[in-house]
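Accompanying notes for the structure given below.
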Amino acid sequence: MAERGDIASSVSATGTIKPVNMVDVSSKITGLIKEVQVSENDQVVAGQVLIVLDDNRLQTVVAQAEARLANAAANYERQQRLYQFGAVSAQQLDAAQLDYNVATAAYADAVSQLSDTVIKAPIDGKIIGKPIPAGQTVAPGISNPMVLMTIADMSKMQIETQVDESDIGRVAVGQQATFTVDAYPEKTFSGTVSNVSQRANIQQNVVYYTVTIDVHKPENLLKPTMTARVTIHVGEAQNVLTVPVNAIKQNKGQSYVQVKRNGEVQNIVVTTGLANDEKIEILTGLAEGDQIVLNQPKGSDAAKGSMRGLFGR
């Protein structure tokens, strides 16, 4: 029977939890690890010292660069005075200035490398996994840098989930979602859809789209790579006309419902709205109290007659 009631529609998916901000810490220079000042699961703040590299060689480099800069500066000043009296040529003055500029750059580079022997936290967060131990030699890398440790901001978590192309049209940014994880099966977490990717990915000939969900209040319970079973709430309506979802049939692109009126079964074209696994909203075509026929035999005279009348067959 077509009856009024409330209906909520949702999309189910499975995804992986990850921090919004997670950074792999690496070194900008080659050096021997002298000291590691943090351990796994430590909470750190941006700017906190994590690792100290041996700086003996660079201390010497800085001292030498400083001495060369002092000599170059003194020579440049002397050449400027002599040039004012015509005692040296413009070329000699330019050469002294060039030496001074080169020495200045070399000193700045040496000081920068010395400062890079102290590796600091780039963000607030927690140390994920064990940091590299002291005594190892580290080196920088452009395409594949050596990871010394990983820091994750566990206060801001996301879920990346894959939604089937048949459902993606119902998912939109701003929709609310709920999810559970195996670690806390009795607890329901919540979140909000923050992004729906336009790029498809195909898995076993099925097209999926990545949907990102921002988690509300992780409560320090959720951990990276946990599996989340997600329900995205795509719509709800109150006091609307509904029928069982298996009452909807299709013919030539039209949705219809079989209704018993005046002792015979008629096929009534309907416009549908929200749907879930049990019932579907009827926007037009039916009235409250209409008697729905769910299992009308295909070969019955009533079914044949009503089909001919409605669809011209």
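Any Cβ shown, glycine's included, is placed from N, Cα and C.
Feature annotations, courtesy of TrEMBL:
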DOMAIN    21-149  domain 'Multidrug resistance protein MdtA-like barrel-sandwich hybrid'
DOMAIN    57-108  domain 'Multidrug resistance protein MdtA-like alpha-helical hairpin'
DOMAIN    157-232  domain 'YknX-like beta-barrel'
DOMAIN    240-295  domain 'YknX-like C-terminal permuted SH3-like'
Next on the checklist: Let's see if you can do this one: DSSP helix, strand and coil counts over the domain 'YknX-like C-terminal permuted SH3-like' (240-295), in that order.
Outcome noted: 3 helix, 35 strand, 18 coil
Checklist entry - How does the domain 'Multidrug resistance protein MdtA-like barrel-sandwich hybrid' (21-149) divide up by DSSP, counting helix, then strand, then coil residues? => result 55 helix, 27 strand, 47 coil
Item to check | Residue distribution over DSSP helix, strand and coil in the domain 'YknX-like beta-barrel' (157-232) | outcome: 4 helix, 46 strand, 26 coil
Checklist outcome for this item: Model confidence for the domain 'YknX-like beta-barrel' (157-232), as mean pLDDT, reads 95
